[in-house]
Amino acid sequence: MLRDMGARQARGPARWLFLGGAATLAVSGVWAVWSVRSGGMQAQDVAGVLGLPLGVFGLVVGSAISLSALRLQRASDGLGVALDRLASAVEDVEVAERTHMLGTGAHLIDLHVDVEPRGGGTAPRGWQRLSDVARWYCEAPGRLVVTGPPGAGKTVLAVHLVVRLLAARSVDSLAPVPVRLSIRDLPPAGGRRWWGSRKARGGLERWLVASLVTAYDVDGFAAVELVARRLVIPVLDGLDEMDTEGESERAEQALSALNGYQGLGGSAPLVLTCREERYAELGSQQAWLREATVLRIAGVDADQADAYVQLRSDGRPSPMDAVAGVMRGSAAGPVAGLLSSPFYLGLAFAVYGGSSQGLRPLTEFRSEDELREYLLARCVPTATAAANAAVRQARVSVAQAGTVWSRQREYEAGAVHRWLRGMAGVEGGVASLGNVVGKWITLALSVATGFALVVPVLLVVPDMLAGCFPGGWWEHRSGLGMSWFWVGLLTLGAGVGWMITLCDRGPSRPPERTRQRPARVGERLVAAARRACRTGYGALVPAAATVLGASLAYSDWYGEVPLQGWYALGVVIGGTLPTAFALSEDFVAHTDCRERKGCVVVPVLGWLAGLVLSETDSLAAVSICWAVVAGAGILLRHLGLARSYALAGGAFTCLFVADGGSLRPDGGLTAGAPVGFATVYVLGYFLLGSHRAGDTRDTARRVGQRVEWLHPLGNFLVLTLAGLGGAAELGFAGIVLVATALAILPLIGPLIHALLVLTAFLQRRTPLTPDTFLAWAYHAGLLRIVGGAYQFRHSELQEWLDRNPTPSSR
């Protein structure tokens, strides 16, 4: 239950205090019993010896109870404050969003809607106006489904309802707060095994809590209480966007979760938007939002269009004044058909509302498609011209000195068209910088940048550091070439990691910050100092831990450690590192029977390839063999016979056999590491399949969260042990070489990002300041922010940009 989640947050520190006291008492009791049995203490002395632990235990229990009560009291007192702060944050966001959708003045087209109330509901049936719906829904919020064709104004109505519900809170300060979210971000619910029982994870309520925390900076405990007490009304947009065409699994799961969202009075209030045809398809599959009133938004008629034009033009003559007459005179014509959509009516007013000079009269279009293409072709130039005018006005106006436009620059419409098309991603979103440039180019730039920085530094710095250590330490036990091989392997891996990061990561400036006030100078300095500290920590601490571990190999006690001890250490290192990587990523070992067989067959093929390589002496033959092995791996991956998991197992087996390694306990560290890797590989085969990978990762992450405060220490110890073991293979000089590269590679991220921006600019796909441009496009009304990510304001605009590489000249 969600309240259990809040209770765990409240009693977390108290639980640890209680467990610590209980552990102290248990250890003391065991020690006392052992002392009595061994004759080291008399039975009458036990009470005196245990007096201190018992007293400490009592103090700890009392402190735990007091701390828990204090946290609960503070949370209860702060719940009203948290509700008001949430309402204020939502109001700032949604009022700005309404302005972007409807312009200044918030001119909402009062469309007709067909209302189908739920059985026993109080909502009036039949055709009504949007204003009527907003009035009776704010008086008694319930379950509401808003349907309509694309561009009918479903999202606009959702935003309008949020603003109206917030306005109604002025009468009742304890009224629920509406929060608009994109339902396609809802993760699927599931379960996990925990001590033999099945417990829920994920789901609607936990997602709502996480959204409040991340999007509106609500305290975790307060967010749990707000959702648990149903003081939040979810306004969920875009049910039709959850699945690809022909699928409905996620949407059906979402509707099932929404139907289970109950309150004290029955079904908890919420608002859901979906395209009309899609909702009908789901209904035919017995999936719908139960106990909900359904709205079907109708198109714009001539009277509504005329009223909208009069509002937007303040009653002054406008080239759009003839639209209502055209819609009345030809109800089946292209103007009446296309402009019945609020999106296209608003776009037509933006295009024709100023001056119609140089524009084709609306009466000349012979089909809806022709008019649609004409309006979409002028969407970007019109928005750009309006935004540039706002920027110029803000520069000369004292009143607008602090507005968003005062921080923007002017753009040229052709460049905006080209950049929006180049930055378009999948599902109406904006692509990451790595995907805009291309994955292979991103990989090449990342690896090349890494080598370009690492190699010159390593040619100078290690020799400068040689005099800082005893002369007997400075050696390359496996040769300088092997040390450089590991440096190259580390640099290549870092390049691949940066490529994955840059292809998955969104804009460097979070989109949510676009709708917030700009940070002050002091806040920017603090944020820069924090980033510098994190970067310095990530660069210096791992390198220092590795060198420290290598120095321990030259201490006196190093030679006294038996080979079996180093063997056990190798098992730990060989098992810990791949485990940490597999659990930190959404890693799946196999998804079907073929891939499951591949996890067994590919290591066998790697073993055979290793045998061939071990018998090959010449460099040319070795190169040919490795090329064949790499080609075979790529072919297996392309044919779907093996995933990356099986290929990693095969590559490791091939390297181990080709090197002629040993698995005997007297083989030391290099013999233990393969055993650890093989053990983890076998366990991953059973625990990281497609059906169990999520449960395994969830359990591991829950355990990791419990000991999160130990993570820095654990990372330091792992790197220290890696340096200790690596010194036996590479020598101290080789470890210093690797550690220096380890310190440089985290610093190349900003340089790689700058090179990618420059490359995208030279490809004419983005400007030199993409984050600033995306913020401008949002304020210009070309983009919107959904679920913390940029999206195109309308999917038809993105489709038109995809069809037209260059601006239309018609």
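Don't overthink the numbers, they just go from 1 along the chain as shown.
Cβ from N, Cα, C; glycine included.
TrEMBL: automatically predicted annotations, no manual curation.
Per TrEMBL, the stretch carrying the note transmembrane segment among 205-227, 481-503 is 481-503. Taking the domain 'NACHT' (144-309) as a whole, pLDDT averages 82 in the prediction.
Distant neighbours of the transmembrane segment (537-554): 469-470, 472-473, 715-717, 719-728, 732, 735-736, 738-740, 742-744, 746-747; these residues of the same chain sit at least 6 beyond its ends, with a Cβ under 8 Å from one of its Cβ atoms. Against the transmembrane segment (596-613), stretch 645-663 shows more Cβ pairs under 8 Å than any other of 481-503, 619-636, 645-663, 709-728.
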